[in-house]
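Summarising the annotation, Swiss-Prot assigns motif 'PP1 binding motif' to 72-75 and lists a curator's inference as the type of evidence. Positions annotated as region 'Disordered' by Swiss-Prot: 85-161. Per Swiss-Prot, compositional bias 'Polar residues' is recorded for 97-115. The compositional bias 'Basic and acidic residues' feature in Swiss-Prot is assigned to 120-129. Residues or ranges marked as compositional bias 'Acidic residues' in Swiss-Prot: 130-151.
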């Protein structure tokens, strides 16, 4: 039997616009203030390998393609923003790096020490169940299909019908 699971996360096709750049340290302060209800997905940063900076970008998603509903704001690590080529270079020239001081007090976790920020960030990484880099997180079929396929493959290989 094939069972299906519904993935409610949008699947980005490409970056349309780069809005903001934060250092990874400053993002750790900001990330604690981003709620799941505001539509800004941070799983790409939490599960990615951000080295220096992270970027707030608008992406076009596979869902409702070519409509306003397909545009989502997400945060991505530097390597994904850099992959936009000319758009990234233009952004880098035109936009200074944001700092936490340019973000409202409500969005930043101001009272945290560096160790506390790192601990909170690691906790957020562990609590994030969706991994956008894992192909299994993006499929519409779960392991029941894989087991059925493996069973039928074994039957075919053994010559049984």
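Each residue, glycine too, has its Cβ placed from N, Cα and C.
Across the compositional bias 'Basic and acidic residues' (120-129), DSSP assigns 8 helix, 0 strand, 2 coil. Taken as a whole, the motif 'PP1 binding motif' (72-75) shows an average pLDDT of 92 in this prediction.
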